[in-house]
Amino acid sequence: MGYQKIQVPATGDKITVNADMSLSVPKNPIIPFIEGDGIGVDISPVMIKVVDAAVEKAYKGERKIAWMEVYAGEKATQVYDQDTWLPQETLDAVRDYVVSIKGPLTTPVGGGIRSLNVALRQQLDLYVCQRPVRWFEGVPSPVKKPGDVDMVIFRENSEDIYAGVEWKAGSPEAEKVIKFLTEEMGVKKIRFTENCGIGIKPVSQEGTKRLVRKALQYAVDNDRSSVTLVHKGNIMKFTEGAFKDWGYEVARDEFGAELLDGGPWMQFKNPKTGKNVVVKDVIADAMLQQILLRPAEYDVIATLNLNGDYLSDALAAEVGGIGIAPGANLSDSVAMFEATHGTAPKYAGQDKVNPGSLILSAEMMLRHMGWTEAADLIIKGTNGAIAAKTVTYDFERLMDGATLLSCSEFGDAMIAKM
C-alpha cells in the first residue's frame, strides 16, 4: 500500500492475523507509532529506546522492531495541512499493520472531531479499553496497602454516553427530541423541558457480550480468579442492568458458568488450570468504595464506558497516578497501545516528565505479540529503577532520599536495571 506522507521502513514485515484471531508475528515486525502531542516529543523516543534495548537483550539481535511513524494530532496538521488532525492513511496503516502504539493526543479546538482518542477508537472499532492496574514497590501511594491492587479493567469503548449522541440546550434538535419523548412516548420524567440539553445512552447486547467475552477469556488465559461486572443497573435497568444480565449470559452460555449459592453470582472451571473463576457483579458506586476498602477481592473488571473511565483513573491514583498507568485499545484483530495521561504542553520538550505510562503500554504490546521475554525485562527494569529511587520529579518529590532523573535518564535507568 502506498502512502502519501508515511515512510514504510525498508526492512521489516507486517504482523498478520490468523483465522482464529491469533497473531503471526515476524522477527522484524513493522510497528506504527504516533509520537503524540505535548510531552509526546519527550516520552516516545524514550519508549522506543527502552523497547529496543529490551528486545536486543532478550533475543540477542534475532528479533528487532522496525518503527514506522504515522501522524495524528498537532503533528498531522504540520505534516499534512492545518485541518487534518487524523489522516485517513494513519487509520489505514494502524488497521493494516495490526499492532501500534501512540503518545497522548490533544483535542482539536473548534468543531469536527471532539476527541482524537475517541475518534480512533470509534473508526477502528477498538471496542475494548484494557487497563491493567498494579503497584510497583517503592512508588509513592496515598493508600496504606497499594500492593493489594492488582486488577485489569475491561472498559467498553464504543457505546454508552461516550457515543456522543447529544444535543445542546435550546437547539432545534434537542427541542425535537424532547417533544417526541413527551408527546409521542408519554415521558413525564424530564423535570425542565425548556433549555434542556439531552443525550442518548446506547447499550447493546452485541456490544456488551463482545466486551464481557474478552474479559472472561483474559481471566482464563491469565489464570485470574474472578471477573466482576460493574454497573448502575439499580437505577438504569434497561441499559446498565441489561449489561449485567447479558454479561452473566455470556458466562453461562459460552464458558459453562453455573449459579453460585443460588445466584446471581456464577462460577466456571478454567479449562487451562482447573481452578474456579467466579463471575460476580457490583453496583458502580459501591465498587468505588470497594477498590479502597477491599481491593484484593477484585481481579478482572468488565464495565461500561463511563464507569470504566472513573474506575481506571481512581485505581491508577491508588498505585501512584496515571504517570505510570498503561493502556490498550483492542478490537478482535487490531491493537493500539497508548499513554493514558494527557499532553501536558507546559512540560513539552523539557525532558522532565515520567515516561512510565507509555513504556508500560509498550510492555503490554510486547506481551500481546508473544514477546514475553522482552516484556519481562521492561518490568524488571521498571522495578529496579524505582527500587533504587532513581526516578522522575513526580515520584522524587514524594520519596525520601531519591535521585531526581530526567525523562530520558529514567529510561536509561530502566535499561541499566534489565
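For all residues, glycine too, the Cβ spot is worked out from N, Cα and C.
Taken from Swiss-Prot, the feature NADP(+) binding site applies to Thr106, His341, Gly342, Thr343, Ala344, Pro345, Lys346, Tyr347, Asn354, Tyr393, Arg397. Following the DSSP three-state reduction, the secondary structure of Gly342 (NADP(+) binding site) is coil.
Within 10 Å of the C-beta atom of Arg155 (D-threo-isocitrate binding site) sit 28 other C-beta atoms, taking all shown protein chains into account. The D-threo-isocitrate binding site annotation in Swiss-Prot covers Ser115, Asn117, Arg121, Arg131, Arg155 and rests on similarity to another entry.
In three-state terms derived from DSSP, Ser115 (D-threo-isocitrate binding site) belongs to neither a helical nor a strand segment and is classed as coil. Residues or ranges marked as phosphoserine by Swiss-Prot on the basis of experimental evidence: Ser115.
The number of other Cβ atoms within 10 Å of the Cβ belonging to Tyr162 (site 'Critical for catalysis'), over all protein chains shown, comes to 22. DSSP assigns Tyr162 (site 'Critical for catalysis') to a helix in the three-state reduction. The site 'Critical for catalysis' feature in Swiss-Prot is assigned to Tyr162 (among others); the stated evidence is similarity to another entry.
Here Swiss-Prot flags Thr193 as phosphothreonine. Sequence-distant neighbours of Thr193 (phosphothreonine) (same chain, six or more apart, CB under 8 Å from its CB) are Ile178, Thr182, listed in sequence order.
Around Lys232 (site 'Critical for catalysis'), a 10 Å sphere centred on its CB holds 20 further CB atoms from the protein chains shown. Marked as site 'Critical for catalysis' by Swiss-Prot on the basis of similarity to another entry: Lys232 (among others).
Look at Asp309 (Mg(2+) binding site): DSSP puts it in a helix. Under the heading Mg(2+) binding site, Swiss-Prot lists Asp309, citing similarity to another entry as support.
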Going by C-alpha positions, which of the recorded positions (Ser115, Arg131, Arg155, Lys232, Asp309) is nearest Thr106 (NADP(+) binding site)?
Ser115
So which binding-site residues out of Asn117, Arg121, Arg155, Lys346, Arg397 end up within 10 angstroms of Asp309 (Mg(2+) binding site), measuring C-alpha to C-alpha?
Arg155
For Arg121 (D-threo-isocitrate binding site), which DSSP three-state class applies?
helix
Max Cα distance spanning Thr106, His341, Gly342, Thr343, Ala344, Pro345, Lys346, Tyr347, Asn354, Tyr393, Arg397 (NADP(+) binders), Å?
27
Which has the fewest other CB atoms in a 10 Å radius around its CB: Thr106, Ser115, the listed binding-site residues?
Ser115
Given the binding-site residues Ser115, Asn117, Arg155, find the one whose Cα is closest in space to the Cα of Asn354 (NADP(+) binding site).
Asn117
Of all the binding-site residues here, Asn117, Asn354, which one's CB has the most other CB atoms within 10 A?
Asn354
